[in-house]
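A.B. asks: The structure under discussion is supplied below as structure tokens; questions concerning it will follow.
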Amino acid sequence: MVFQKPPDGGWGWVIVVVSFFTQFLCYGSPLAVGVLYLEWLDAFGEGKGKTAWVGSLANGIGLLASPVCSICVSSFGARPIAIFSGFMVAGGLMMSSFAPNIYFLYLSYGIVVGLGCGLLYTATVTITCHYFDKRRGLALGLISTGSSVGLFIYAALQRELIDLYGLDGCLLIVGALSLNILACGSLMRPLESSDSPSPEKACVDKVSDQYFVYHEKEKTVEENISILEKGYIDEKCVNNVPDYKQDSILNKNVLTSINVNEKDTYKKKVVEQTNFCKQLAKRKWQLYLNYWEETVVLFKNKVFSALFVAILLFDIGGFPPSLLMEDVARSANISEDDYHVPLISIIGIMTAVGKLTLGILADFKWINTLYLYVSTLIMTGVALFAIPFAKSYLTLAMLSGILGFLTGNWSIFPYVTTKTVGIEKLTHAYGILMFFAGLGNSLGPPIVGWFYDWTQEYGTAFYFSGFCVLLGGFLLLLAALPCWNACTNQSSKLPPNTYSYKVASSA
């Protein structure tokens, strides 16, 4: 398949619009699941830790399955995967309206909806990258705000739908809205050229594979020559036989030669397929070895190792507020008359602002993106420590806005990863980091919920969350200090293919 040069416009802007609405429709409900969380607590009467698993799975399973999602999009294309995932998200939401218990929600809302969102995220990012090159950063920034806008709108929408139609009716309507993903996915026209590769080029591409079976072919040719010689000798013997017997003998020889040719052809195919499978297995095994060798090299980079710990701890501690902030307000006995805008909506809109603002700051050459990212982690930890002291709606709204803005550091995380490991290792490193981010998303809310179940108050839970985020930030700051580079240069040279942050972040 031959792709055209990215047009950086044209139909690409249609792709940006439909990708924006795709992320808006698929991530709106999972990110605003805090509104549903309160209803599920009342409906099923389970503990906060057990109930929090529903929302954490919906947001974490897509990141955990990111390698599988990438393989699916690469194999089938963005448009088929987007349409299929639209059915998954809509079906999972509608199935959740009939959930008899919390365990059914783990499957319908947590896994089905979460996996559908992961597939849609990969599809939208992939198709956008195909259509944009010079304006790729702008295009990806625009579509990434779709999830934040979805969080802002769906938080108020789901609350209103629950008041009008109940929890089951809300999930049915939200699931029906998600069917619009099918229309968006149908517009994700793949960027391909109509010209297929020439047969000569196809043959040249397959030379390496055919070379492995070349010797087997030589053996087959020798066997064919011996068979022909044997047939010639048989023919001479037939000439000495009386005429009335020659016809029957010739018929037998013809049948025999046909059987020999069929057996020889079958043998040839078996040999070729067996040899091809052996070579394919060798190459796959070599790819796995190379992957693990590159992984080991990545973790020899102290900044990358600290970054992996930081992203894990950040998602364990920083993600729960978006899920539990509504319950925090209810636990603080805040009156509904003072409740002007849902706290989750404030987090959503400020996350969009944070993504754009921090992304713009990261483009300035005089700003070190790693230190910028570390500063967001430290400020997030301080804000989490302040949540237990907030006793009014205004204070919680201010903290929600601060946490939402700082959560926008997701927009600069790819910058930090690129500066740490280099552009040629970005895909490998980012896949590893996203896996651990998904693990943190999945574990964070249940852990905070369990703390509440044990202590019957959110103070200890958010102290734990703030400690996790601060610990990750300080470890990353310590690993990035310039003094380490001086010590490393004096003691020994860096291993090949590893980067010190002083060199990698000089841009």
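Residue positions begin at 1 at the first shown residue.
Just so it is clear, glycine is given a Cβ too, placed from its N, Cα and C backbone atoms.
Caution: TrEMBL annotation is automatic and unverified by curators.
Look at TrEMBL and you will find 12-40, 52-73, 80-98, 104-125, 137-157, 169-188, 303-319, 339-358, 370-390, 396-417, 429-452, 464-484 tagged as transmembrane segment.
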A.B. asks: The transmembrane segment (464-484) and the transmembrane segment (12-40): do they have three or more Cβ pairs under 8 Å, with pairs 6 or more apart in sequence?
C.D. replies: no
A.B. asks: With a Cβ cut-off under 8 Å, give me the same-chain residues at least six positions beyond the ends of the transmembrane segment (80-98) that come close to it.
C.D. replies: 22, 25-26, 29, 72-73, 104-105, 108-109, 111-113, 115-117, 119-120, 122-124, 167-172, 174-176, 178-179, 181-182, 184-186, 188
A.B. asks: Do the transmembrane segment (339-358) and the transmembrane segment (464-484) come close, with at least three CB pairs under 8 A (pairs 6 or more apart in sequence)?
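C.D. replies: Output no: the transmembrane segment (339-358) is apart from the transmembrane segment (464-484).
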A.B. asks: Taking 52-73, 169-188, 396-417, 429-452, 464-484 as candidates, which has the most Cβ pairs under 8 Å with the transmembrane segment (303-319)?
C.D. replies: 464-484
A.B. asks: So are the transmembrane segment (429-452) and the transmembrane segment (464-484) touching or not, going by 3+ C-beta pairs under 8 A with a sequence gap of 6 or more?
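C.D. replies: Contact between the transmembrane segment (464-484) and the transmembrane segment (429-452): present, because at least 3 Cβ pairs are under 8 Å.
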